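K.L.:
Pulled these features from TrEMBL for this protein:
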DOMAIN    68-182  domain 'Plastocyanin-like'
DOMAIN    194-345  domain 'Plastocyanin-like'
DOMAIN    470-590  domain 'Plastocyanin-like'
TRANSMEM  29-49  transmembrane segment
Amino acid sequence: MNHSNFKDLTNILFPTCFNLSNKNMGTSALLSPAVLMTFLAAVVCLVAYPEVVTAKEAGITRHYKFNIKLKNITRLCRTKSIVTVNGEFPGPRVIAREGDRLVIKVVNHVSNNISIHWHGIRQLRSGWADGPSYITQCPIQTGQSYVYNFTITGQRGTLFWHAHISWLRATLYGPLIILPKSNESYPFVKPYKEVPILFGEWFNADPEAVINQSLQTGGGPNVSDAYTLNGLPGPLYNCSAKDTYKLKVKPGKTYLLRLINAALNDELFFSIANHTFTVVEADAAYVKPFVTNILVIAPGQTTNVLLKTKSQAPNATFFMLARPYFTGMGTFDNTTVAGILEYQTPSNSSPSTSLKNRPLLKPGLPAINATNFVANFSSKLRSLATAKFPANVPQKVDKKFFFTIGLGSNPCPKNQTCQGPNGTKFAASMNNFSFALPRTALLQSYFFSQSSGVYTADFPAFPLHPFNYTGTPPNNTRVSNGTKVVVIPFNTSVEVVLQDTSILGAESHPLHLHGYNFYVVGQGFGNFDPNNDPSKFNLVDPVERNTVGVPSGGWVAIRFQADNPGVWLMHCHFDIHLSWGLRMAWIVLDGKLPNQKLPPPPSDLPQC
């Protein structure tokens with residue numbers, strides 16, 4: 001063994017110890033005294049500092065390459081060219097363990113600008129890798145590439161990645177699965193098999209054309225033509241029986257279903273006929289297990305459930321159905337996606353028990369607008385709150401915010417006819433400000449102190465003009481427009497009450513916060529009451545999430561500790577509301593210590 005190989009091996013086996021013992025090492029010796037001393041020092045270090053070595057060994061670097069390219073895909077008897085990663089739809093799985101570093105090179109071979117968001121990843125001090133266009137980066141232009149480089153710290157479970165520019169998320173998405181550390185186990189029964197199930201929306205038209213037309217006319221967008229399960233619409237749609245997702249299971253086994261709602265604009269109910277789920281995780285945070293036969297999952301949310309199959313193979317197959325939960329006033333895709341749960345037949349079974357002769361059973365789903373069912377389901381989600389998985393809810397709050405969210409309007413430009421409310425253009429806002437995307441990325445502007453003309457730090461902490469938020473809507477629906485942020489010091493404990501408004505109709509909104517998980521400490525219908533509602537907050541075991549459904553005609557209260565410096569987008573995960581401006585951004589300042597500061601950008605950060 002030559003000296004450099006020995007050095008590399010020592011470095012892999014004992015990385016920290018090698019660094020500690022590496023100071024006097026020559027470069028030409030074979031097994032010189034210096035090399036032997038290094039080896040002995042590493043062994044001594046291994047005995048003396050086992051926790052140092054295991055901490056280093058806990059994470060490895062995993063490399064992925066995402067080639068953004070066009071691919072012809074046929075659904076509903078129509079073939080069209082869609083934007084994909086590596087020609088896959090849905091896109092490839094990214095799999096890592098807690099503590100791993102991910103290095104993902106994204107190369108753009110299409111005419112669209114591209115950026116990728118790693119939804120739900122905390123991005124501790126790695127905000128340059130978060131991905132929302134014009135917030136943390138300029139998009140990757142045609143022929144360009146960018147390497148997303150981040151470490152997964154203190155997280156495990158199901159997340160996903162998706163495009164974060166315009167409506168490209170319609171086809172650019174895939175699972176991001178974080179396994180526990182190799183010496184750790186799940187806090188529930190070990191599943192026989194793990195199955196990712198992604199809900200999506202399929203448009204026969206080009207989704208980019210759909211949103212562009214909507215923004216031009218000011219009206220609501222054309223709705224999708226189908227929902228999909230793992231990219232397949234299923235047999236309830238015309239010309240789609242062959243494009244059906246089938247989950248083949250064995251009797252008497254426990255399956256972990258990793259459910260991801262990647263649909264653009266719809267919350268979904270999901271159920272499997274004659275089966276129940278045990279919910280064990282939401283947004284990559286373990287929850288107290290509870291049993292249900294119907295799930296609610298909003299865009300941007302993930303839910304892990306255990307599915308225990310029947311002890312004997314039944315003489316039936318079972319529909320897996322998902323359809324929308326919708327409370328707004330506009331149009332929506334009122335269709336149902338179906339997959340099939342199929343028990344594998346023993347090889348010695350008679351022809352009469354073959355699949356074709358089995359009845360196909362359907363589950364019941366709640367009414368489209370079953371708001372009370374949704375509220376009841378949400379209230380069952382609680383953190384584990386154990387010694388190993390604590391609920392670190394901020395007990396005291398440094399800064400309180402109250403954000404109204406909902407729809408509104410912008411005036412129609414001169415010499416144009418608009419199709420929004422009363423001849424206006426649809427808009428969406430938080431505290432009546434509709435967020436205008438800047439032309440350069442906020443994070444760069446902030447980091448290099450070049451905010452002038454890019455953003456202002458005066459996003460209101462409370463509505464400027466209070467009104468009866470869920471009562472009779474005001475006549476004036478006009479919103480203000482601007483690029484406004486909230487600036488808060490490092491480690492501020494924050495409480496935000498998100499209040500739905502009935503302007504142009506009360507509606508449920510899935511609100512997503514980048515760079516953080518938050519605790520959902522309270523929710524209710526009607527207007528938030530600052531005098532009485534906080535006394536009912538759950539500060540013991542509230543669910544920890546990255547995306548929360550703000551109840552239709554109600555409010556939700558969240559808390560988080562601002563311990564991650566950078567610029568962080570907060571927005572509705574309905575892409576139409578995002579496009580209409582339902583978003584704002586937080587700037588969390590650097591702390592005093594070196595490990596509380598945002599490092600400079602990588603050299604390949606895309607330019608605008």
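Glycine residues also receive a Cβ, built from the backbone N, Cα and C atoms like all the rest.
The model shown is predicted, which means the values in this text are computed figures rather than measured ones.
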K.L.:
Go ahead and report the DSSP secondary structure tallies for the domain 'Plastocyanin-like' (470-590): helix first, then strand, then coil.
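P.N.:
With helix first, then strand, then coil, the domain 'Plastocyanin-like' (470-590) has 9 helix, 60 strand, 52 coil.
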K.L.:
Please list the DSSP helix, strand and coil residue counts for the domain 'Plastocyanin-like' (68-182).
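P.N.:
Residue counts in helix, strand and coil order: 6 helix, 58 strand, 51 coil.
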K.L.:
To what whole number does the mean pLDDT across the domain 'Plastocyanin-like' (68-182) round?
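P.N.:
The average pLDDT of the model in the domain 'Plastocyanin-like' (68-182) works out to 98.
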